[in-house]
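Now, the feature entries from TrEMBL:
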type	residues	note
ACT_SITE	GLU301	active site, proton donor
DOMAIN	77-123	domain 'Beta-hexosaminidase bacterial type N-terminal'
DOMAIN	127-471	domain 'Glycoside hydrolase family 20 catalytic'
DOMAIN	517-569	domain 'GH29D-like beta-sandwich'
SIGNAL	1-25	signal peptide
Amino acid sequence: MTLPKRSYMKVTGLALACSSLLFSCAPKEVPQVNLIPKPAHIEVTGGYFKVDSNLIFGNDQSGTIRYVVDESFNGGNPEGYALNVTKKGIELRAASKFGLFYGEQTLRQLYTSKGIPCVSIQDNPRFPYRGLHLDVSRHFFPKEEVMKLLNVMSYYKLNTLHMHLTDAGGWRIQMDKYPKLTTDVAFRTESDWQKWWDGKDRKYLPEGTPGAYGGYFTKEDIREIVDYATARHINIIPEIEFPGHSDEVFVAYPELSCAGKPYTTGDFCIGNEKSFTFMEDVLSEVIELFPSEYIHIGGDEAGKGAWKTCPKCQGLMRRNGMKDVDELQSYMIHRAEEFLISKGRKLIGWDEILEGGLAPEATVMSWRGEEGGIKSARMGHDVVMTPGGYMYFDFYQADPKTQPYAIGGYTPIKRAYSYNPVPVDSLTAEESKHILGVQANTWTEYIKDEKHLEYMMFPRALAVAEIGWTPQEDRSWEDFKPRMNANIPVLQRMGINTFTLSDEIETTMEVDTLRREIKVMLDAEKYPAEIRYTTDGSIPAASSRVYNGPIVVKDSADIKAAIFRDGQLQGTPTEKKVDYHRGINKPIHYNSKLYSGYMAGGMNALLDGYRGGLTYLDGRWQGYLNDLDCVVDMGEVTDIHKVSSRFMQLIGPGVYQPGEVELLTSEDGESYISQGVIPTTISNTDKDLSFQEYTFNGDWKARYIRIKAKEANKGFIFTDEIVIW
């Protein structure tokens, strides 16, 4: 509807399940308000509005419920609003229809069986971009599921859905000029991603083939989705992959690849002008369907190998004075941007579009950590932050042993919620203005149905909603936790197959080298939660100690903790071994090379007292692409009785156990004696997350302790701490 500059509207669309209700203030009672995202400012004044069935809505200033559009309100911020619920009625004021819409979502969340709490809210989003990403290529999700997702997004004030429409898994959008993209490569031989991707039968099938797996959106489907999103003030950003991740394109149109044959590469031939004709034709059809200011062109993980030997690509490099193949990628991105600008649109791409030179007006989506985003913001380019360590929702959200199989990683909702999209120590205040907002990505290699998709997205998407909306200084995990728990049944009433939060206990540590002790803190996602624990490795019981504050460990402890409800243990106890051991802060020398991307706490990470958690991305696991060979200097010859080190395996991302671990000791640092070799007991084909502790017991006199772990597979080995007693 079109709203005049200052108007008082008849509120027939207010989704409060009370469109014919009169409210009056009840006796004062201060209610619990579980709004997500938390408003910028809220005052709960006490009491509820009670229901009377005789409301006659008016459109004048004396109406009981008033929507007010005032373009000067709040400096004209289009998404901000003010909501006042008083004894005299409800007034919702905003500068635009967007602000009114978000105020209405707040009213929807406030409504209870008792009525609506009396509140005063002044609210603005922190960021203009608050997004979720959905990969529909690896597995296709129909328009009905997309619309269901849009409903929930609007309820929590998320305003951008990034749809990953093309990739090797299949092309998912009808193209009139290139019909084979859907008739030939929108379906494949296998629904199981790992079997298809790694198997011998990695083929696409023509549409209509019996047993073919896949699907695509017709243009009419896209129009319906876009209209549905627009009505909920959600922008849909389409992604069409260039120049990599395009294996399917070259099965349908092999002449666009360097080899000119299907099933040989995933990269467009940059030296072939037909590639650019294809790009512009496809983008033209996409632009007709999506009104989004931004069009995503991918730009990530191009292999680039074929370009090095392709005569056409090499010829283009010579003609343009290019020094390396990165500049070929940049050439395509620049041309894509020029074309989009000519159509009145903006280019956005993954942070690899920085390689070879960033297009002049491009916006960068930073996924490989924050470095690409920081670099782009310093260059004056806008950025959307979506780092994998916090914002990848295809990662596990609880102990992998309790969860459906995932690609790897570990991002519980607390970790996701902890993310701040503005790296304040790396950007000036002016540079920080280029951070448009935050997005969480759900890649679907191992997510093939709607229930699993919802399980992985929710409730973590609620953390994204609050990160994107609420001022950083007003956010805290302890404040968010009860509101998050209260919204689980809300999601379920919406028909969302949400993860219902973990019964596991989170353990965090604080090593104090002055006091020579370690403090252990326990926390739970569920609220309220009675946590009981032991320190001797025994299973907690209803009579075990209740956690009320940090547990102080001055030597060793085997802590086991669990939630109890009505005297009954919930789930499986969480175990954390803690050692303030003799090796803490001792010098360490590496004879092997550490991988720069996984340094953990630095060169002394293996002797800092901190144990790693369930993911190699938590900053506590040190990684190597070869053997580990390191020497600890105890400072003097001393009695050693026990040395242990722990390694992780998760073969999805290429993390393996070492083949064996050897302990050697020396008194002089020159002559070493082997004290034993322990082989791994975990198969290199075991795909589940697993850990093995390699423990050596004995009585040795030594100053130097050497650990050698032999790499047995082409991948990473990760260890978190060398414990010495």
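In case you wondered, yes, glycine gets a Cβ from its N, Cα and C as well.
Under DSSP, the residues of the domain 'GH29D-like beta-sandwich' (517-569) split into helix, strand and coil as follows: 0 helix, 31 strand, 22 coil. Across the domain 'Beta-hexosaminidase bacterial type N-terminal' (77-123), the DSSP tally of helix, strand and coil residues reads 14 helix, 21 strand, 12 coil. Across the domain 'Glycoside hydrolase family 20 catalytic' (127-471), mean pLDDT in this model comes to 97.
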